[in-house]
Structure formats: C-alpha cells, structure tokens
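**Q** Below are the features listed in TrEMBL for this protein:
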REPEAT    115-156  repeat 'WD'
REGION    390-414  region 'Disordered'
COMPBIAS  404-414  compositional bias 'Basic and acidic residues'
DOMAIN    458-560  domain 'Small-subunit processome Utp12'
REGION    584-650  region 'Disordered'
COMPBIAS  585-627  compositional bias 'Acidic residues'
COMPBIAS  628-637  compositional bias 'Basic and acidic residues'
COMPBIAS  638-650  compositional bias 'Acidic residues'
Amino acid sequence: MAADGGSSSLQLPCVFSPKSRQFLALCAQDGRLRIWNTDSKTLHQEYVPSAHLSATCTCIAWGPCRTVKEGPQRKKRKSEAVQVEEKADLLAMGTAAGTVLIYSTAKGALHCTLDGAHSGGVNCVQWHPEESLLYSGSDDTNIVEWDLQTGKTRSKWKADRAAVTSLCVSPDGKLLLSAGHIIKMWDLDTKEVYRKFTGHSTAVTTLRFATTRPPDSNGLYFLSGAAHDRLLSVWQVREDGKDKNSVVSFTLTDEPQHIDLVTSNSKEEAVRLAVVCKDGQLHLFEHFLNGPCKKPLSPSCTVQMSDTKESPMPIPLLAAVLGADTRTVMLAYGSRLQPVMEKVEINTAERHVCLARDVQTTLSLSMETTVSKVKTPIVNAKSKVLVPGLPGHKAPLKGTSQGSEKRKKDTDTKEMSIAERLGEIDLSTVSEKGASKGTASLQTDNFAVLLVQGLESNDASILNKVFLTRKEMVIKKTVARLPLSAVLPLVEELTKRLQGHPFTAVLMVRWLKAVLMHHTSYLASLPDLVTQLGALYHMIESRVKMFHKLTKLQGKLYLLMTQMATSDSSNVVSDVDHTAKLVYEDESSDEDEASGDEGLPDEDSDHWEEDEAMTEDNQEESEDEDPDSRTESKANGEEDMEHENESEEE
C-alpha cells in the first residue's frame, strides 16, 4: 500500500515511503527534493532539479518496493546467503513544466526524465502496483501511461473537459480513478470509462481505494477529497450501476492535505484512516464499510501538536502513516525545510490528544548527528574571532591610529585638529590649477578619515561637511578608501538621511551609488543583508512609486501644450506689408542731363500747358485717395516746373 501521491498543485507534497516507512520525501518552498531517514532522523539525500525554480515539483509518488543491486559485490558463501530485502527505490515527481522526473534513492541521482507528452503542468502521478508503468494527469486534461523500461509514452487519452487533478490505481491494477470536477473510473485494458461519479463542486485533490474486493461484488469502495471541502466522501461501486451518490462521509476540520489508510479485505475488517488537514491536525477514523450511512462520521481521535512554552503555540503536522498496530502512528511535523519524524503511540480511547514537543531541542539534536561537509576549526576559548557581518565586527576601529602614526613619521608635523581639517578641506578654496591633483588626493584621504571619525562619534557637523560634497571623483575615492567595518554604519547613516528632504536625498543617492559599486562583494558576504538593506529598499520603492505615473502625465501635458501652441499660431495670420523698405534713386551725370534737356523742347515744347493742366487735375482727384500718390504727383509737378524753366531759359 503506497502513500498518497495525488497531491494538489497548491499543496507542497510530503510522502512516506511504502511498507517499511524508512524514508520521508518532501519538496519545500525552494523547489528542492529532500529525502529524510525516519530511523536516524537525518537528511538522507538532497536533489536539486535543474529547473527547480521555474518548474517546481507539484506531486510525489513512491514506486513499489523492489530489490536493488547496490553495485558489484563479492560472491557470498552459502552460509552467508540471506534473503534480499525489497526497498523503496524509485520516486516519481511531477513538475509544473509538464515533465515527470524519476529519482532513484539507491543511486542518489536522477534515473530518467519523462517529457514530451504533456502541454500543461503535471498535477498527479501514480504507479501501477505490479508492472513498471506510471500514470500522470495534467492541466491539459490528458492522462498519459508511461513505460519506464523504455522511458516513452505507452498510451495517452483525454480524461475530462477540466484539468486532471488526481489519480489512483486499484490494488489489482485493473482500474484507474481520475478526477477533475467529475470522478471517472477507467478500465485500464480498454481505456474506456467504466463508471462516473459526481458530487464535488471543487477540484478533487485526493482519490484512494478503500477496499481490495472486485467491482462486481458490490464491495469495492473508494474515497475522495476536494479543495476547500471539509468532508471525505466514500463511494460504492455497485453492480447495478446505482452509485450516483456517496454512501459515507467523514467530517474534517479543514481541507485534507495527506491521507493514509489500511485497506479492508473483507466486510468483517474495518478500514483504518489517518487524515492530516491543512490546519495541521490529524484525524483518525475506523469504520466498517457495509452499505450507506446517512450521518457524517466524526473522527474517533484527533491529534494536535504544540510546543512547550508558557503560552503554547501549535506545531503543524505535515504527514502521518498508520503502523501495523492500531495505536502506533509515524508523524512528521514542524518545518518543511527541517521536519521532525517521530513514532508515537496514541491512546485512541481519548477523543482529543495534544502532544507537547520541544521542536528546537529535537532539531539541535538531529543537526548534531548529521554528517556535515563543513569542517569547523578548533579555536581557543580565550581568542576572539571576528567574522564579516557577525556581531562584534562593528567594534570601533583602532586601526586609524596606526595610519596617523605613519603620517606623523612621513610628514614630521603635529596632527591637526578637526576644526583645522574642516577648514583645509573646504572645496571653495581650491582655485589653483597646478595644485588641483595634489589637493584632490589630500581631500579624499582626509574625507575618508573624517567620515570614519564622524560615523564613530556620530558627529553631525563632520558628517554634514563630508556629505555636502558634489564632486563625483571625490565621493568615489573617499568610499574606496573606507575600511570595511565602516561600510555598514555608512549605509545606515545614508538610509536615515534619505528619509529627509528630497534635496538632501539627491546628494545621499550619489554616496549610496558609490558604496554599492565599490563594496558589493563585502555586502554580499553578510548573512543578514536582507534585514540590513530592507528598510532602504522599501523606502526607495515608496519614493519612486509615483515616478512612472508622473512621467506619463508629463508626456500627456506636453502633447496638449504643443497642440494648443500650434493651433494658436495657425489662427493668427499676419498681414503682409507691401510698402517698400528702401527706395533708391539713381542721380544721372550733368552731361546726361544736358543731353536730355536738349531733346526736351523738341519733343514736349508744344504740350507744356496741357501737361501742367493735367497734373493739376490729377492732384485734385487723388488728394482724397492716397497720400503716397499725392506726393508722387507733387514730385511730377516740380519736375514739370523745372522743364518749363529750362525751356524758358533756352
């Protein structure tokens, strides 16, 4: 009888190995498969799938126990010959990427990968009890039958209109239960539907055969559990086909997470059931399956775990399996990353049992027994070891005095006071180009020393003077010369100042950028980096939360303003000014005038009086019309007068 393998994709799978219960396999939130030894309470193996973050493990199922060849061994004598024990070896893992991984605990490595058949995530995997066959159900609504000897698909068929969320093979290997919203029973020889069962409103997450009797004897029962459903329903496969409703229901406190049962072989034998719910409680049931039962059955015993503190807190149960004895139960509880396995005897006469355990002590004992690859050096009790990032590493630095002693020997001058240093490093005094390089190095050196002193003494005046620097090179060199022990206090100080006015935040961001660029490797080595930089990260996130929306708004406003400006400019059409900006008159020479004057009397001497009269009339008519034309007519009149005078002289 194998443990439950048809887990929901929402729940992280946790399954005990069949028969001997020697191993507990579970996948935690980090996507790694961990196999724990229940006897030694230690981590037996750990396997990290290549795509454990993108294609997380959704379901686990142990294969049937088999004899395993553990490498070449010498031939044993007849007296040494012992019966070979069958062990749990192969483990099938369905992934969200649609592949099925087969892991071998004997090899401690991946046995094979089954892929290419599912287009959606695998929700459930189930082994055939006798043959080397595996069945998988997926979000793509298909069931695939895999042949593990070839590693290829043997058959594939559409099971439902919805995703296949759970599978279960009958103990004789002839029937297969599949479920989405409807439970279907398949004949594995013909791959045709034998029966249909409806009754769950949500996706079915658990299917288990409760009896080993043949289906034509009215004695075949199975149970089902669904998401967000606080009932386990028991169905009877009737010969006459009148099996539309569930016959028995078991009441739970929450959705079932892990189920283990001991099947009934006859009517006189009761079905024993252990159900771990999502709320971390264990419910034990014992019932004789013989026809319908109207009332829901409550558990015969409920088990809870709690710690041993003054105000006890509940410890969640992860999985539970029933032993050969009716009172013995193997429990797994605590954290999925470090579960505690324990075999307990429960007094089933009591309806409610609460087990108090000190999880921390149990974990520390189990951690001591584990074989660690990390060797810790033997250190004398009197010596003090400083590790980066651990408490004690932030102790006030005494190394700065050594540097000042060296500086004393080199320069042979007295050490300056802080006030003198502040006066010396004032950036506004640096004006000479020739001494700029020397003063820059002096400033960065002084800045680094001052910054360390300011951080140790928490002197605001020194820190303000240093932080007001705007030169990128000075900031970079100062940060580069900082000792490692001053990096974290500097980041904390910058975080405090970033919470102030945005104007100061602009300056602090420059320093923060330099720290992250120069001291990334040191910061990455800190064990509590997330807590140290968490406040800074959240503050920056809140500061830039509106930036994206504001840039969108700015773009829209810019478009509106440009449209308005272009429409205004198109409406205003300027009048064209037709007046000449410059009039140039060419004065002719005296000779040309003389030659022109000589010809005038011959041509126009007879019409002087007529021309004069015409010009006077034209002047009178055009006085009201245009002042320009009036000036032109006056000019013409003057010219006529000149012509007249010239002719008189002649």
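A Cβ is built for glycine as well, from the same backbone N, Cα and C atoms used for every other residue.
TrEMBL does not curate its annotations; it predicts them automatically.
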**Q** Which residue counts does DSSP give the repeat 'WD' (115-156) for helix, strand and coil?
**A** 0 helix, 23 strand, 19 coil
**Q** Looking only at the domain 'Small-subunit processome Utp12' (458-560), how are its residues distributed among DSSP helix, strand and coil?
**A** 83 helix, 0 strand, 20 coil
**Q** Taking the domain 'Small-subunit processome Utp12' (458-560) alone, what is its mean pLDDT?
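**A** Here the predicted model's pLDDT, averaged over the domain 'Small-subunit processome Utp12' (458-560), is 84.
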